[in-house]
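**Student:** Pasting the feature list from Swiss-Prot:
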COMPBIAS  1-14  compositional bias 'Basic and acidic residues'
REGION    1-143  region 'Disordered'
MOD_RES   Ser16  phosphoserine
COMPBIAS  40-85  compositional bias 'Basic and acidic residues'
COMPBIAS  120-143  compositional bias 'Basic and acidic residues'
REGION    165-268  region 'Disordered'
COMPBIAS  167-221  compositional bias 'Basic and acidic residues'
MOD_RES   Ser172  phosphoserine
COMPBIAS  228-268  compositional bias 'Basic and acidic residues'
MOD_RES   Ser281  phosphoserine
MOD_RES   Ser288  phosphoserine
MOD_RES   Ser296  phosphoserine
MOD_RES   Thr301  phosphothreonine
REGION    419-444  region 'Disordered'
REGION    480-514  region 'Disordered'
MOD_RES   Ser495  phosphoserine
MOD_RES   Ser500  phosphoserine
MOD_RES   Thr502  phosphothreonine
DOMAIN    513-601  domain 'Ig-like'
Amino acid sequence: MNDVSQKAEIKEMLASDDEEESSPKIEKAYVPKLTGTVKGKFDEMEKHRQEEQRKRTEEERKRRIEQDLLEKRKIQRELAKRAEQIEDINNTGTESASEEGDDSLLITVVPAKSYKTPGKTKDPEDLDREEGNGRTNHEEDKMRYEEECRVLKEAKCLSLVMDDETEAKKESHFPGKLKSTFEELERQRQENRKKQAEEEARRRLEEERRSFEEARRHMVNEEDENQDRETVFKEYRPGKLKLSFEEIERQRREDEKRKAEEEARRRIEEEKAAFAEARRSMVLDDDSPEIYKTVSQESLTPGKLEINFEQLLRQKMEEERRRTEEERRHKLEMEKQEFEQLRQEMGKEEEENESFGLSREYEELIKLKRSGSIQAKNLKSKFEKIGQLSEKEVQKKIEEERAKRRAIDLEIKEREAENFHEDDDVDVRPAKKSESPFTHKVNMKARFEQMAKAREEEEQRRIEEQKLLRMQFEQKEIDAALQKKREDEEEEEGSIVNGSTTEDEEQTRSGAPWFKKPLRNTSVVDSEPVRFTVKVTGEPKPEITWWFEGEILQDGEDYQYIERGETYCLYLPETFPEDGGEYMCKAVNNKGSAASTCILTIEMDDY
């Protein structure tokens, strides 16, 4: 019966063990990891890190145990030396006491070993559990052993002090003995502190080296991952993203600039072609007046007066065009001479610092514009010349900047390759690593300085491009102003053709002020100059005043009154957002008064 019952119990235990084995297997089911995914790599890295941490803890534990053993041996040697000194000093009657004291001090604490009681064989799971419990018990025993070692050290120190005191009492006939013992203790304590500090510094160095190794290993892993990604995605280049975007942005700006130049060139060609056709038609009209006479006589019998009036108008228009062309040629020649003089005066300074020369020329043009001594046509011609000169210079600068950037990129790549080879050498020969463990950091610092320098150069280049765009924008504004002036002249000519001359004659006969050219609504960019122009006639000459939002504006630096015959201007050298609003020009004489208003809109500058 006993055998049967024992067999039944064994079967039940085996069944219970199978259930216990099955339950954790169900709970901790094996999930295959995708080796190619990022999650699988992170899991592998985590497992690798945990294994390294466990190895480090085991090495640290072994090192501490060895250090404790060395300290114990040192203490034993010091106690033995101390006993020999006491024996030499006493020589009589104290040998037994000193030996007993030394024996008491030489007691060593041995950690209790965990004895296993013999018994019956158990299952592998029970053995694993017992091993786990044994590990925890072993760690607790080690902690207890370290605590006991610490207490033992304190007890030894106290016993040394007590022995010194008893020896001082016994040997009172030796003056200065107590002081010498305290000095020795103080020396030992300082030496221990020094050793502890050295050990702490050594430990920190080891930790820093390990962290540096881990960081370098992570960097190598990241580079390997980047190389794998490069093989999968050939177009993806890590580290070049910013440069590629900047190159794309530069190309986009160059394309826009090229398109704008082509558009302006096409517009100028169209204007030239239209002007040539108009001149050709005018020449044909002058060569064959008889044809027009016959046509007009056939269509209109009383048309002689109309033909004569048209001929007079054509003659006037031709004379005005010839006069304007001659004035334009004369102004162009004068401006060429002025520009040549400026170039001769600037000389070598312009060659050494082209950008500074352009800015000075630009400032001079602004001063001339503010003083009101030149018109928009002069500004346009000068800006065209400056643009023709500056395009080549800007292109040269862009090419130089690109060459510099390429050289910097090549240097950075070479240094990175050198650093990578140095890291390989360090991995192969770890003895050299301990001599200079922070070479990679120094190279990274130099690389960061180069990147900062390249960023500053890129910022300078962007500022120069913005200056060029600003000059182009101002040139466009001048073109728009000239176009507006041309339209105004055409409207005036149209009004003359439609018979508005009779109204002008009536206004001039009355003598009251009358605006030939009234104010018009304008818009200007913030901080740019603006000019309000009117043409006023009257007999006697009217007095002109300018008003802003119902308040009179006095002539000064901020608001400049300009008068040229019948043309009156209000010039603002610089505009602000608060300058936007309603402006009025008022003309008064003894025959009457007249006023013209407009609205100024200030637009914000996007540059």
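Cβ coordinates come from backbone N, Cα and C, glycine included.
On a predicted model such as this, the values are computed, not experimentally measured, just so you know.
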**Student:** When DSSP is mapped onto helix/strand/coil, what comes out for Ser281 (phosphoserine)?
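**Tutor:** Reduced to three states, the DSSP call for Ser281 (phosphoserine) is helix.
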**Student:** Please list, in sequence order, the residues in the chain of Ser281 (phosphoserine) that are at least six apart in sequence and whose C-beta is under 8 Å away from its C-beta.
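**Tutor:** Sequence-distant Cβ neighbours: none.
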**Student:** Averaged across the domain 'Ig-like' (513-601), what pLDDT does the model get? Just tell me the whole number, please.
**Tutor:** 90
